[in-house]
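Have a look at the structure below, then the notes.
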């Protein structure tokens, strides 16, 4: 190498964009953020602490309620005070809530942790992706967003697999350890975020009042546009189903089919991490069946899987569980695609926020109902868990099939009408 080449190489290294460190720190923070160590054991931990299922439903509803009420203000907070502060504060609050969850042992104590968790979630969701994208934009690399997102997803998958296995192992040592470890991981992530540089703020900073005004205007758009209204309602209804099962029933079902807690982590690693390697199949399936076929297929698979898991309470049901999670991930993928297809880009972010609000509102009420059902329901000689799963399967068919039929046949929804109308 000539002296000139060495000088140029040294100059490039010295003039490295200062925001490049942001990306490295972001990836490290995302690894710690996605160490969901307490994920495999949350429900059985609450059982060990003496909570009934209705109380667990109340705790789930509290988180959803806080997110529902604070999502818009937290977005404005990120615009006004910065994405770094919002993301770091959110991770710290969430981490603190998990540490306190290990400390507390009563329902009232857990209420406090869920309030903190809800606020933490809101501060993160309103800023974490913007912090990432704005860092890339300041480096003039926003066109590489998908490439960097792919790296983030790999890091997330590795973190999920490791943490799922670690969580169940720690629980067998002491029931509070997964929560302490999970909380510390989030606090570490928070500390890393606070060392990042704040990207140049968005050109269109918003006040809370302006955010609410935009939401009200977009609500009218969602209601008047039949395509967007259809997608919004289906999105909320169909995603509530796996949310209820995953958050309130999955761990109970593993106990029902006699899976030792020590193996929960391995199962969670497959259903959250390894299943991601099947992602390319989602696009092939959607290409083959299209929008209408996908929506009907999702509905049928969710309903049938619940029926099969109720009828067959053996190890083979783990296969049904895997199919359920694959279908859930497929649902996320195609709903995101159809949102891009049908919703104008200038309204997309706001409409997705509205969908998130509605999803949390519906989930809030359903979590209470499912919690009560898990305590009291018993039909056809089944215990409360299997009875609730059976009713969830029946509700999937009873609500979603007529909804899809009405919209596709009566309103003539098809690809020709896919453009959004004012």
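Positions of Cβ are set from backbone N, Cα and C atoms, glycine also.
Since we're looking at a predicted model, the values are computed, not measured.
Listed features, source TrEMBL:
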type: DOMAIN; residues: 1-410; note: domain 'Major facilitator superfamily (MFS) profile'
type: TRANSMEM; residues: 26-46; note: transmembrane segment
type: TRANSMEM; residues: 58-78; note: transmembrane segment
type: TRANSMEM; residues: 85-104; note: transmembrane segment
type: TRANSMEM; residues: 110-133; note: transmembrane segment
type: TRANSMEM; residues: 154-173; note: transmembrane segment
type: TRANSMEM; residues: 227-249; note: transmembrane segment
type: TRANSMEM; residues: 261-281; note: transmembrane segment
type: TRANSMEM; residues: 293-312; note: transmembrane segment
type: TRANSMEM; residues: 351-372; note: transmembrane segment
type: TRANSMEM; residues: 384-406; note: transmembrane segment
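Only pairs six or more apart in sequence are counted, and the transmembrane segment (58-78) with the transmembrane segment (293-312) gives fewer than three Cβ pairs under 8 Å, not enough to call it a contact. At the 8 Å Cβ cutoff, the transmembrane segment (227-249) and the transmembrane segment (85-104) share fewer than 3 close pairs (sequence separation 6 or more) and do not count as touching. Long-range contacts of the transmembrane segment (351-372) within the same chain, counting only residues at least 6 positions beyond its ends with a Cβ under 8 Å from a Cβ of the stretch, are 52-58, 60-61, 64-65, 67-68, 71-72, 75, 125, 215, 218-219, 221-222, 228, 232, 235-237, 239-240, 243-244, 247-249, 339, 343, 388, 392.
Per-residue pLDDT, averaged across the domain 'Major facilitator superfamily (MFS) profile' (1-410), gives 84.
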